[in-house]
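*Asks:* Relevant sequence annotations retrieved from TrEMBL are reproduced here:
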BINDING   H192, H343, H347  Zn(2+) binding site
TRANSMEM  145-164  transmembrane segment
TRANSMEM  170-194  transmembrane segment
TRANSMEM  206-234  transmembrane segment
TRANSMEM  273-294  transmembrane segment
TRANSMEM  306-326  transmembrane segment
TRANSMEM  338-358  transmembrane segment
TRANSMEM  380-397  transmembrane segment
Amino acid sequence: METVAQKTILNEIVKRFAEPAKSRFKSYHLTILIYMDHILELVISKYMLFRVKFEEKKTTLAEMKKSQLNLELLSKEKLQESLVLVKEKAHHSFANLQSMHEQCRSHHETPELFCEPYIHNGFRPVNQPYSYYAKSLFTKHNETINAWSHYLGAIYTMYLAFTMDFSDPYSWPILTCLITSTIMFVSSATAHLMHQKSHLCHMTCFLCDFGGISFNGFGASFMQTFMSAPVWYYQSLEPYLLPLIGLQSALCCLLNSLAQTKYKRPYPPIKRFLQFAPCGLLWIFSILPLFINYLMNEPDGFKISYAYHFGHIFTFLAGAAFFALDFPQRFFPGRLDFFGQGHNIFHVCIFFVVYFQFKACHTDFVTNRELIAQTRQEPNFFNCFLSLAVLVGYYFYMIRSFYNMIKHNFDMEGNLKITKQIKK
């Protein structure tokens, strides 16, 4: 918009256009000055507008930074509050776990079924919720080592099963054994963790435990015979191998379940005989080809794994001796209640049995892959995995049958109807 001064100058210019050329030149000069003044005003106005917007933007950024700082402070405060809350919950949980340990009872306050010879303390109270016994995995009692040793074993065998390459069908017997070992570890650890809820729960848990042991006997025998037996031995036995070890495994489950349900404490020696005899026969059958190999010195390739094989044999015999003889707690009654009792050592030995079996058979497989492929029929889905499914079905049927046979002896809480009294 033109100012009054500009209008005056323009009028003056119009008047002078009628004058001579000299005056016109001055008029042109004045016109240029007017428009320069106009451009300058425009630039100044634009600059002022820019300054206003810049200041507004600067203010906005400052406010944003301030709000961001407030948010950061708020989030830090919330994080600190969350950490404090987590710490309080952890402390509360730890205190609860400690109080659970303080609830452990002596053998005088525990029903006879749950007591073990020469173990005097560390028995958890009966008739608690299942969650109580699950949480007791993280507390100190006389089954803590038995549970942890086999849960860690299950983690190890699952790790091997998921991380190794089993694309070669000739390696499938090893995978079969890892599957059966994992199931054995989980069933055994869970049985020791949960069995003290009630009498019926105790019986059922250890029926499942014996099923897992029998299941692993099948997988271990199949793997060792396939990977480590002499050529002539395996070829003569091949048509009958799976039915033979399957029947032995089924017999293990049957006799162990019978011993568990038939005999009452104090257990007679026949109970342990019925438990150990079928498992021992299946184990002897699985190691027989190793001794034949060693005595006949053929083939030389199978000798490389002898250190692992003999490690497996030694740890199995040592663990069985500690368990069967109640050693060393027999000589230190009440002093090995939480750690060092024979059953703890037996569980650790079983872990090393599985470890040495795997290392021995895997070494035989890697060393003698070509010989195994030439002298063995290629494993298929049926003999490696479908046979496991058949056995699992049998174990469930067997456990269910024994459960139905004994459940009428228990009340709604799972305790014996006749002998509910506490030992004095």
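For all residues, glycine too, the Cβ spot is worked out from N, Cα and C.
TrEMBL does not curate its annotations; it predicts them automatically.
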*Asks:* By the count of other Cβ atoms within 10 Å, pick out the sparsest of the binding-site residues H192, H343, H347.
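*Replies:* Among the binding-site residues H192, H343, H347, the lowest count of other Cβ atoms within 10 Å belongs to H343.
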*Asks:* Cβ under 8 Å to the transmembrane segment (306-326), counting only same-chain residues 6 or more beyond its ends: which ones?
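*Replies:* That would be 117-118, 228, 272, 276, 280, 283, 287, 290, 294, 342-343, 345-350, 352-353, 356-357, 359-360, 363.
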*Asks:* Could you name the residues, excluding H192, H343, H347, of the same chain that surround the Zn(2+) site, i.e. Cβ within 8 Å of the Cβ centre of those residues, in sequence order?
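*Replies:* Neighbours found: E143, I145, N146, A147, S149, H150, S188, N344, F346.
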